[in-house]
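Encoded as structure tokens, the structure appears first; notes follow it.
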Amino acid sequence: MAALRSRHNGTSAVETETDGPPSNHNNNNKLEKEGSKNGKPEKSDPMIYIIFVSLLFDLLAFTIILPLLPSLLEYYRQNDSSGLYAVLTDRVRWFQQLLGAPERYISVLFGGFLGSMFSFLQFVASPIVGGLSDYYGRKPVLMVCASGIALSYLIWACSSNFALFVLARFVGGISKGNISLCMSVITDVSSVKTRGRGMALVGVAFSLGFIVGPMIGALFAIFSDKSGGSWFVLPSLLAFGLAIGDLLVLGCCLRETLPKEKRVKEISSALAYGLQLLNFSAIFRFAAIKNVPKKDMEALRSVGLIYFLYLFLYSGLEFTVTFLMYHKFGYTSMDQARMFLTTGVIMTLLQGSVVRRLPEAKIKGYAIFSLYLIVPAFVLVGLAEGSRMLYAGMTLFAISTAFAVTCLTTLVSKYGNDDQKGSVLGIFRSLGALARALGPVVGCIAFWCVGSRITYISGGLLLIYPALALQRARI
């Protein structure tokens with residue numbers, strides 16, 4: 001596997017052209033290197049584990065709703081008093097007929113559009129929230145985000161009509177900048193050597209959340225009496241309770257990790273790039289990040305573009321796997337649950353054991369490996385005629401996923417001054433959210449227009465490009 005070919009962030013700042021004075025983090029990296037000469041392994045800051053618990057609460061609450069979406073959409077189809085469901089259904093039906101998708105998939109397409117809306121709101125919110133945290137500090141902005149997420153579940157519990165349910169999703173989506181803030185906290189309190197462990201714990205939280213949360217939701221879906229009134233109140237209140245637990249963890253246990261002397265001095269500069277959301281190219285160029293070495297900026301742009309292309313193709317193919325299992329293999333909901341449980345367990349085991357222990361020098365190599373591995377994963381899924389090959393493809397998919405996003409996030413977290421970490425990771429998460437907003441729509445169009453085999457094989461082959469680009473990038 002390829003190792004890092006370029007120097008650590010900041011070590012060559014004097015040799016490169018810059019847009020301003022040398023970064024504060026250059027000295028930090030030197031101190032980290034000097035501090036590691038004694039041979040003792042560096043311990044992770046306890047705040048990393050607080051963030052892990054916080055994310056676990058958040059993701060458990062977030063994923064409870066996933067198995068309930070078909071039943072929820074059916075409930076609102078029959079009981080919506082706002083008229084919004086009928087209007088949106090007409091739009092989705094037009095799209096379904098345009099693609100030639102079977103009528104029974106209209107609810108899945110509907111759910112896909114709701115998911116795209118949620119991701120697009122994350123795309124808008126993440127860099128703004130990151131900038132605010134660079135000025136006000138991480139903890140107060142995290143608390144605001146967590147409060148917004150809790151409010152969204154409370155609105156869901158009260159959503160007697162579809163318009164209120166959409167409002168709940170809107171509030172939840174715009175509050176989801178907490179993920180990038182959690183990564184900023186990890187970056188604040190970790191050194192180059194311990195940062196990978198912290199990012200891997202984020203991956204473990206995601207894997208556990210996406211295993212346990214949907215299982216809880218599935219139990220509600222199976223045992224709830226849907227002939228009654230608002231049967232979804234109990235799961236929504238459970239999600240609300242978990243969100244309150246997240247708020248308590250953040251309020252009582254999290255310390256502020258960005259000292260005042262390291263914060264950006266003017267809120268106008270912290271929010272300057274928020275206006276640049278109207279110009280997508282500015283986000284891809286990380287135009288809001290100033291006063292960093294030229295080579296660092298080039299590395300940021302390279303990783304950001306690679307991350308976007310990877311997640312754009314990945315999310316489109318990932319979303320349509322549900323169609324494939326139903327349409328080609330006749331999988332029931334329980335069959336799908338077994339598949340996702342298998343992939344979730346693989347990801348959790350790898351992130352909890354291997355990924356979190358990766359040495360900093362091997363992060364790029366494993367990122368390249370994971371991007372290449374996703375190629376045969378989707379080719380196998382496209383060629384699969386039986387469950388054995390499908391499981392083989394999805395197993396490779398799980399192994400790749402366990403490494404890819406964590407390693408790419410660790411790479412990008414090295415860049416930016418101390419008062420820019422929130423902005424860097426906010427823009428990075430924003431690029432991922434934009435990819436997840438667009439990918440499922442394009443994936444659906446390809447799946448129903450050219451078929452699953454061509455979609456997965458061509459999509460898998462296109463994923464070679466991000467791997468090649470990362471291999472060639474000077475990071």
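Keep in mind that glycine also has a Cβ here, set from the backbone N, Cα and C atoms.
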Feature transmembrane segment in TrEMBL, mapped to one of the ranges 424-448, 449-473
424-448
Segment assigned the feature transmembrane segment in TrEMBL (from 146-171, 198-223)
198-223
Who are the chain neighbours of the transmembrane segment (229-249) in space, where the CB to CB distance is under 8 Å and they lie at least 6 residues beyond its ends?
50, 53-54, 57-58, 60-62, 64-65, 68, 71-72, 75, 143, 146-147, 149-150, 153-154, 156-157, 160, 216-217, 220
Quick check for me: are there 3+ Cβ pairs below 8 Å between the transmembrane segment (307-326) and the transmembrane segment (198-223), leaving out pairs under 6 residues apart?
no
Would the transmembrane segment (198-223) and the transmembrane segment (47-69) count as touching if the test is at least 3 Cβ pairs under 8 Å, pairs 6 or more apart?
yes
On the 0 to 100 scale, where does the mean pLDDT of the domain 'Major facilitator superfamily (MFS) profile' (47-475) fall?
86
